[in-house]
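Trainee: I have a structure I would like to understand better, so I am pasting it below and will then ask my questions one at a time.
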Amino acid sequence: KGKCPEDGWDESTIELFLHELAIMDSNNFLGNCGVGEREGRVVSGLVARRHYRLIHGIGRSGDISAVQPKAAGSSLLNKLTNSVVLDVIKLAGVRTVTSCFVVPMATGMSLTLCFLTLRHKRPKAKYIIWPRIDQKSCFKSMITAGFEPVVIENVLEVDELRTDLEAVEAKIKALGAENILCVHSTTSCFAPRVPDRLEELAVICANYDIPHIVNNAYGVQSSKCMHLIQQGARVGRIDAFVQSLDKNFMVPVGGAIIAGFNESFIQEISKMYPGRASASPSLDVLITLLSLGASGYKKLLKERKEMFLYLSSELKKLADNHNERLLDTPHNPISLAMSLKNLDETNDAAVTQLGSMLFTRQVSGARVVPCGSVQTVNNYTFKGFMSHANDYPCAYLNAASAIGIKKQDVDVFLKRLDKCLKTFRKEAKQEKSINEISDSNAATEQLED
């Protein structure tokens, strides 16, 4: 049926299935005689076993989705993977999606492929409207495709950084709709930035007849992000949305899914990919989804939500204990931010030092964001880089509840963070005492003089 099985398969069944596919490829035929330059020859048995002898990759030189006659098994693997992934995207909340394909590139390059496909539809366009998110790959995806990003600064609402819809529309009018390739919006992001106002942006794109590409990097795991995409497509225009395989399905880095609501446009994107492609990302995600089954993946999504609530409540308690606060970002369903205002006021270098301390204590994924850092990316200078705004009111620390996180991860993180913050408080007290003694001694000397 081309759907994700409800219950996961055991490993031996999956391996049997993959071996059945592999023996359909010509390089595994008994008596095969290959006289071309690409005949699926692999010199290392270890490499052959690592890929289950599926050596031909996917697609043909002119189309990544095309069937390769001498690689029937690999072609079937590709078709099945795309079909199963489409089923899971629907299961995760985008019910009206019509087409998708796995591409062996991470999210940034996959976005570039989308922009290059739009170039043929809008040859006059040179600008991409981009509500600011301080993440390099999505910014560089526009530069690499040869377009000029038009950065729309976010607006601060309480603690949240949200889409400035008026600025988006004003910029469209100023530049002219025909000169704009697309609006490039974002769902999943680091707090205090929250997902873009996708429904409103989709309506603006429909009104001005401008394409809309959504960076949904790790949004498949969030019902809220997927709901925004579904609603955006219902009330306005979303041409494609791109998501990472590793972040959403816990497979090695190297693949993404490009999906959309117009099958012909998604096929156009797949045909834009030059040459054949590695089958590894498709193989990894198919094995994973067959192993989990639909019920297993839904269970992981449910557990992630529960861990988000747990992380949020426990991080708030810790913040209160250290005279900090958990920033109020109710529209961000994955990432949280805790202020580091007292730390920042104590010592300019303390915020970045906290990040180093956490890293050396084997805490990965937590980000510390100081105030006022400046960074240049491809000749564009961003003030307050990493905070998604020129002047965010305070320094802060990020932590996320992503798919696969366990209660133990949260508990160990909070314990180590608490210990690091206590170290800073102890040092600050000692420094204050030394300063007070020095001031007292200086005052005594003045009186004696």
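From the backbone N, Cα and C atoms, a Cβ is placed for every residue, glycine too.
Note that the coordinates shown come from a computational prediction; the quantities given were computed from them, not determined experimentally.
The feature pyridoxal 5'-phosphate binding site is assigned by TrEMBL to ARG38. Taken from TrEMBL, the feature substrate binding site applies to ARG60, SER61, GLN68, ARG276. Look at TrEMBL and you will find ARG234, ARG361, LYS426 tagged as tRNA binding site. Annotation comment: TrEMBL describes LYS247 as N6-(pyridoxal phosphate)lysine. Positions annotated as region 'Disordered' by TrEMBL: 429-449. Residues or ranges marked as compositional bias 'Polar residues' by TrEMBL: 435-449.
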Trainee: Cα-Cα, whole number of Å: LYS247 (N6-(pyridoxal phosphate)lysine) versus ARG38 (pyridoxal 5'-phosphate binding site)?
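Mentor: For LYS247 (N6-(pyridoxal phosphate)lysine) versus ARG38 (pyridoxal 5'-phosphate binding site), the Cα atoms are 33 Å apart.
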Trainee: Among the binding-site residues ARG38, ARG276, ARG361, point out the residue whose Cβ has the most other Cβ atoms within 10 Å, with all shown protein chains included in the count.
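Mentor: The residue with the most neighbouring Cβ atoms within 10 Å is ARG276.
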Trainee: For the substrate site (ARG60, SER61, GLN68, ARG276), what does the 8 A shell look like? I mean other same-chain residues with CB within 8 A of the CB centroid.
Mentor: GLY57, ILE58, GLY59, GLY62, ASP63, ALA66, GLY275
Trainee: How many other Cβ atoms sit within 10 Å of the Cβ of LYS247 (N6-(pyridoxal phosphate)lysine)?
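Mentor: LYS247 (N6-(pyridoxal phosphate)lysine): 22 neighbouring Cβ atoms within 10 Å.
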Trainee: Given that the record lists ARG234, ARG361, LYS426 as binding tRNA, what is the largest C-alpha to C-alpha distance among them, in Å?
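Mentor: Roughly 55 Å, rounded to the nearest whole number.
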Trainee: If you count, for each of the binding-site residues ARG60, ARG234, LYS426, the other Cβ atoms lying within 10 Å of its Cβ, which residue has the minimum?
Mentor: LYS426
Trainee: Specify the count of other C-beta atoms within 10 Å of the C-beta of SER61 (substrate binding site).
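Mentor: Other Cβ atoms found within 10 Å: 11.
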Trainee: Near the Cβ of GLN68 (substrate binding site), how many other Cβ atoms are there if near means within 10 Å?
Mentor: 19
Trainee: Any idea of the Cα spread of the substrate site, ARG60, SER61, GLN68, ARG276, as a max distance in Å?
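Mentor: About 10 Å separates the two most distant Cα atoms.
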Trainee: Out of ARG38, ARG234, ARG361, LYS426, which of these binding-site residues is nearest ARG60 (substrate binding site) by C-alpha distance?
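Mentor: Result for ARG60 (substrate binding site): the nearest of the binding-site residues is ARG38.
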Trainee: Hey, how far is LYS426 (tRNA binding site) from ARG276 (substrate binding site), Cα to Cα, in Å?
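Mentor: Cα to Cα, LYS426 (tRNA binding site) and ARG276 (substrate binding site) are separated by 59 Å.
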